[in-house]
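> As annotated by Swiss-Prot, active site, proton donor applies to Tyr83, with the evidence given as similarity to another entry. Under the heading NADP(+) binding site, Swiss-Prot lists Asp78, 204-205, Gln230, 259-269, 333-341, citing similarity to another entry as support. The annotation substrate binding site is assigned in Swiss-Prot to His174 on the grounds of similarity to another entry.
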Amino acid sequence: MSKTSVDKLLRIPQSLRDSISRTRVDYRHLGNCGLRVSNPILGGLHIGNSRWLPWVLNEEDAMPILKAAYDRGINTWDTANVYSNGESEKVIAKALRKYNIPRSKVILMTKCYRVVCDSENFDPGSGVTMHHELADKSKDYVNQWGLSRAAIFNAVEASLERLGTHYIDIFQIHRFDPTVPIAETMSALNDLVKAGMVRYLGASSMWTYQFAAMQNLAHAKGWTKFVSMQNHYNLIYREEEREMIRYCNDTGVGLIPWAPLASGRLARRPSQQSVSIRASNSRNGSIYEADDSNTDKIVSRVEEIAVKRNWPMSHVALAWLNKRVTAPIIGFSTVQRIEEALAAVGKELSEDEERYLEELYAPRPIQGHS
């Protein structure tokens, strides 16, 4: 074969070159499984209906953000059935249709466990979602939440309809359900995979012994195991390092943490008050907004390193986190926030800088398991 022929065979197609030039992220295996997800992952909590929470983006504001994320390579989108009472999933489906995004080119992640209200009973904020003990007393909501076989199948069928798809890439349990036998939950989840409704399984915040028990049972029965853990982890909240992160690393489970910037706390100076609607509505016991000298000292060190490196503070926090996880889940309120997060890709801290950021950490009450 002539050199010219070899050159033609090796020549990169223009379409591939164009695609690579537009891709601003890297893709990482989700733990030990074969699926690759974008870093970062787009968080859908911010998308849906501002009636649910005032800082949530309505459809007309969310659509261009979803388009901008996809155009830049953020092809992994995380949501939950309960986000905006199902509206988050619906907006994502509309974006795929409006922008002609092929279903096979995005990774859709959603969750089950909490109550999704009937539309006529839709309450702002948490509403019924946080009152499971009362939901079980209602003819409308009994078997509509939790991790029973009935609740899981009800949830996945509803999510498939809202998302406008016949399969979910990663179906996650939002929390652990102590009222249901683990075998019932894991058997139902395995059946979803075998039926083709779900391709991978993931889990979210819970105690490590609970997660390990579910994984061990699935392994013993030959059922599908979880490939990801979506836990609460950032420079301010590191309780997950005690057990969950070690367990996941040892067993090949991918880590995709929520609140990587501590609701923006790690992206602004200690003296700087947030002007976001979300922060102004979250000062109700959150560890991020409470008066806490230890948190302020950690954030001050983030700022110090950011100034030295001429980086935004968010890049320092993300550089520290990206070394330890598969990909953080970030909620974007503007295209500018997407650009800022993507500019952090590939940035690394020195070992001395990492120690400097970590050494002030003090134990905190567990948050996010309920």
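Just so it is clear, glycine is given a Cβ too, placed from its N, Cα and C backbone atoms.
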> Provide, as an integer number of angstrom, the distance between the C-alpha atoms of Ala267 (NADP(+) binding site) and the residue listed as 'substrate binding site'.
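That comes out at 27 Å between the alpha carbons.
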> For Gln230, Ser333, Gln336, listed as binding-site residues, tell me which one has the smallest number of other Cβ atoms within 10 Å.
Gln336
> Just to be sure I understand the packing, how many Cβ atoms besides its own are within 10 Å of the Cβ of Ala267 (NADP(+) binding site)?
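I count 23 other Cβ atoms within 10 Å of it.
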> Helix, strand or coil for the residue listed as 'substrate binding site'? Use DSSP.
coil
> When DSSP is mapped onto helix/strand/coil, what comes out for Ser333 (NADP(+) binding site)?
coil
> What is the nearest of the binding-site residues Leu261, Ser333, Glu339 to Tyr83 (active site, proton donor), using the Cα of each?
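Considering only the listed binding-site residues, the nearest one is Ser333.
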> According to DSSP, which kind of secondary structure is Leu261 (NADP(+) binding site) found in, if we only use helix, strand and coil?
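In the DSSP reduction, Leu261 (NADP(+) binding site) maps to coil.
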> Can you tell me the CA-to-CA distance separating Gly264 (NADP(+) binding site) and the residue listed as 'substrate binding site', as a whole number of Å?
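About 22 Å separate the Cα atoms of these two residues.
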> Show which residues of the chain containing Leu261 (NADP(+) binding site), separated from it by at least 6 in sequence, have their CB under 8 Å from its CB.
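For Leu261 (NADP(+) binding site), the qualifying residues are Asn234, Ala267, Ser314, Ala317, Leu318, Ile330.
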